[in-house]
Amino acid sequence: MLSRTAVAVARRATAAPVLRRSIATTVVRRHAETKVPTAHIKGLSEIKTKEDLFGPGAVDGTVPTDVEQATGLERLEILGKMEGVDVFDMKPLDASRRGTMENPISVRSAGDEQYAGCTGFPADSHNVIWLTMTRERPIERCPECGNVYKMNYVGPEDSHDHHHDDHHHGFEEPKTFADFVKPQYW
Amino acid sequence: MTNLIRSNFQDHPFHLVSPSPWPLNTSVCLLNLTTTGALSMHNFNNIHYLYYIALIGLVSAMFLWFRDIISEGTFLGDHTLAVQRGLNLGIILFIVSEALFFLAIFWAFFHSALTPTVELGAQWPPIGIEPVNPFELPLLNTVILLSSGATITYAHHALIKGEREGALYGSIATILLAIIFTGFQGVEYSVSSFTISDGAFGTCFFFSTGFHGIHVIIGTIFLAVALWRIFAYHLTDNHHVGFEGGILYWHFVDVVWLFLYISVYYWGS
């Protein structure tokens, strides 16, 4: 035991200093050669268009990291995660309560139309029923459990020269029995 | 980030692929490959020309398809975490289906070997067959394949730690070991005293080791592409689904070899 330790100490004493110095100098020399000043990496708040979703790239001779190199949607996701933001908003809808007409469950949407899948209250108490909300008709009520959802439009605002009331080209809501109920019975 | 700016980008993390000719192209090539392959095994005149055309077509379609996927993943940033998870799941399911394919091959072997029929002399290996000595080249090949598993693990850990040279040298060592393995299997085949038409033994031996050899070659190409992508700065320390898929495939090929060595080479001789 003691002799083995002595051998190890002796070996380390002779070999180690030489080796350590050479590696250290190599590292210093390589850093001096290859290190370029790291470019500014845009944070989530500085991202405006797809052109902003490029990293500076890796320094020559190193393995790139995602922050240095990821592009496109992948980069947007990573930048969001770095700031604790889920850019895709993948959380399920609020299932802590049943939505009512007065206090509906809010469904965020960036488009003209949004689907929401209702599984009842409490969640998963019935099969998924898909409800379609539009900007013209944002409120939907689940025919199975009566849960009410309201589309919360967060997309771009309409330009002023666009009169979408005058010529409506999109999907027209089919008439239901309710459309033929006389006003006095409303 | 305001909602207005957010609306410049896709709202969901999934990759809705653009129209591509490769699925149809690959389907046509696969149908041709199967048909012409079966016909050439039944000695249809000149059908092997069509077989090679179909094979070249399939390999070209795969090359161009994977090239598109690399463009989408590395250069367009379409492979978000959700997409990476999907690709990973696809690789795992593919390997499970491959495992079942080899299960069928082993089944065929054990069907003949566990109850050898009277035509085989009621013994295994059958009368007149001189099997390969498992403690010569096959044992060396086992060591080579297991070492390649170690070198690829080294390469993977080096990549995760951001050590480019380790990742490159580890992958190169793995691919060299893989090529040596395939070469030794070629030597083994060329000096074998029996052929694929020498009854149940020859059929099962070349069926199982032959398909394993093809998988080794595919795995080598898989890892060679990953090596090139490390070299070309495609793979980051965190996002390298193709490399991980290649490694998983390589370990699978490794495990199949261990079963082959134990049952076909050792127990079967």
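Even glycines carry a Cβ here, placed using N, Cα and C.
Fair warning: this is a prediction, and the values are worked out from it, not measured in the lab.
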Same membrane side per Swiss-Prot: B:Thr80 vs B:Glu244: yes
Intrachain residues whose Cβ lies under 8 Å of the topological domain 'Mitochondrial intermembrane' (B:115-137), provided they are six or more past its termini: 184, 187-188, 192-194, 198-202, 205, 261, 265-266, 268-269
Result, the transmembrane segment (B:81-114) in contact with the transmembrane segment (B:202-230) (3+ CB pairs under 8 Å): yes
Outside the transmembrane segment (B:81-114), six or more residues from its ends: residues with CB under 8 Å to it: 13-15, 120, 124, 200-201, 204, 207-208, 211-212, 215, 239, 241, 244-245, 248-249, 252, 256, 259, 263-264, 268
Number of helical, extended and coil residues in the topological domain 'Mitochondrial matrix' (B:74-80), per DSSP: 2 helix, 0 strand, 5 coil
Contacting positions for the transmembrane segment (B:165-188) when only residues 6+ beyond its ends and CB under 8 Å are counted: 132, 137-138, 140-141, 144-145, 147-148, 151-159, 209, 213, 216-217, 219-220, 223-224, 226-227, 230-231, 250
Composition by DSSP (helix, strand, coil) of residues within the topological domain 'Mitochondrial matrix' (B:1-22): 5 helix, 0 strand, 17 coil
